[in-house]
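Under the heading domain 'ATP-grasp', Swiss-Prot lists 138-339. Marked as ATP binding site by Swiss-Prot on the basis of sequence analysis: 171-226. Here Swiss-Prot flags ASP296, GLU308 as Mg(2+) 1 binding site. Feature annotation from Swiss-Prot assigns Mg(2+) 2 binding site to GLU308, ASN310; the stated evidence is sequence analysis.
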Amino acid sequence: MRRLLLLFGGRSQEHSVSYASARALLEHICDEWTVIPVGITKHGDFVYCSTVSEQDYGEVIDNGNRVVWPSRAGCKKIEVVQARGKSFFVEFDLVFPLLHGVFGEDGTIQGMLDLLDIPYVGSGVFASAAAMDKHYTKILCSHAGIPVLPWYLIKGHAWHKNRDSFLKQISDRFTFPLFVKPVDAGSSFGCTFVDFFEQLPVAIEHALQHGKSAIVEPALDAPEVFCSLIENNGVLQCSELVFVKHSGSKFYDYSAKYLNPVEFVIPAQFDNTDGYAEIASKVFFELGCRHYARIDFFVTESGLVLNEINTSPGLTQKSIFPSSFKSMQYSQVIETILASAYCQVKR
């Protein structure tokens, strides 16, 4: 029996999404894995969870069963210290950091696990950090010859000192409409579609409430498509392109992703998408991703333009990633990810 330590929750705004992903995984994981659920509260406390609530978008609560990580590298064993002072040890083979957003998919938890020499599922420190920071994603991918949208970076600490200068430079460089988003947030938190100049300052302030810096880029009148990638027996497998039909907002926001009904169109029926698998694979390898990821593109008249890379895509029942592989059940998608990571552990 293989033992999987499942990390979920976390300190980011995507805490509840991580919770829902963990709940879905627990319901569908195959019997050859024993799962050790370790939740991270919104305050950053690691707690051992003997059960996970059936609430779809729940919250990790401090139940008094605190988790103590190993004090030496290479030890795959946690200590659970109970509220009354008693403790016990739990061994594991592999960690799955099923975390979204900052302190989860930005390289921080990956760095902790690397320091402890603990094997884990998903991309390492560099790929996680580079993919989470949209500014550096654009720099790295544009240098690799992958088309990206032009962008303007506003660092939070400089915004209030040079507000008028930033606004002038943006209006000189771009034509409206624009799209403003935090540089390091996920699930569309802090994103705003900006039609007019007067809306721009508020949109930037909103983005900076959700991230350390903000990105401004053209708001394309172009469909967004999604390509999921998974390593299967050492071979990178690309899904068909997915288009999401949704109503309401002008972009695929949090409500559309997790709360409102949507329709997945697989494969997406658009011209100018030839070679998408090669482009997605190039992005995956350029950043050094591993095991699984999701690459998001805009479909323009001249072809695909990279939007974002997600090294820890949502694994809820409503998420794009597990739905992308039409020939695979949810449980097969999870098993393929775990098998890819476990094979590397056993080498």
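Just so you know, glycine gets a Cβ as well, placed from its N, Cα and C.
Overlay of Swiss-Prot annotations on the structure.
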| residue | record | Cβ neighbours (10 Å) |
| --- | --- | --- |
| LEU178 | ATP binding site | 22 |
| ALA185 | ATP binding site | 24 |
| THR192 | ATP binding site | 22 |
| GLN199 | ATP binding site | 16 |
| HIS206 | ATP binding site | 17 |
| SER213 | ATP binding site | 19 |
| LEU220 | ATP binding site | 15 |
| ASP296 | Mg(2+) 1 binding site | 18 |
| GLU308 | Mg(2+) 1 binding site | 18 |
| ASN310 | Mg(2+) 2 binding site | 22 |
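The Cα of SER171 (ATP binding site) lies closest to that of GLU308, out of the binding-site residues ASP296, GLU308, ASN310.
Here the CA atom of ASN310 (Mg(2+) 2 binding site) lies 20 Å from the CA atom of THR192 (ATP binding site).
Spatial neighbours are here defined as Cα atoms within 10 angstroms of one another, and by that definition the neighbours of ASP296 (Mg(2+) 1 binding site) among the binding-site residues LEU178, LEU220, ASN310 are ASN310. With respect to GLU308 (Mg(2+) 1 binding site), the closest of these binding-site residues in Cα terms is ALA185, chosen from LEU178, ALA185, GLN199, HIS206, SER213. Look at LEU220 (ATP binding site): DSSP puts it in coil. For ALA185 (ATP binding site) paired with ASN310 (Mg(2+) 2 binding site), the C-alpha to C-alpha distance reads 11 Å. Neighbours of SER171 (ATP binding site), defined as other CB atoms within 10 A of its CB across all chains, total 13. Straight-line distance linking the Cα atoms of ASN310 (Mg(2+) 2 binding site) and SER213 (ATP binding site), rounded to a whole number, equals 18 Å. In three-state terms derived from DSSP, SER213 (ATP binding site) belongs to an extended strand segment.
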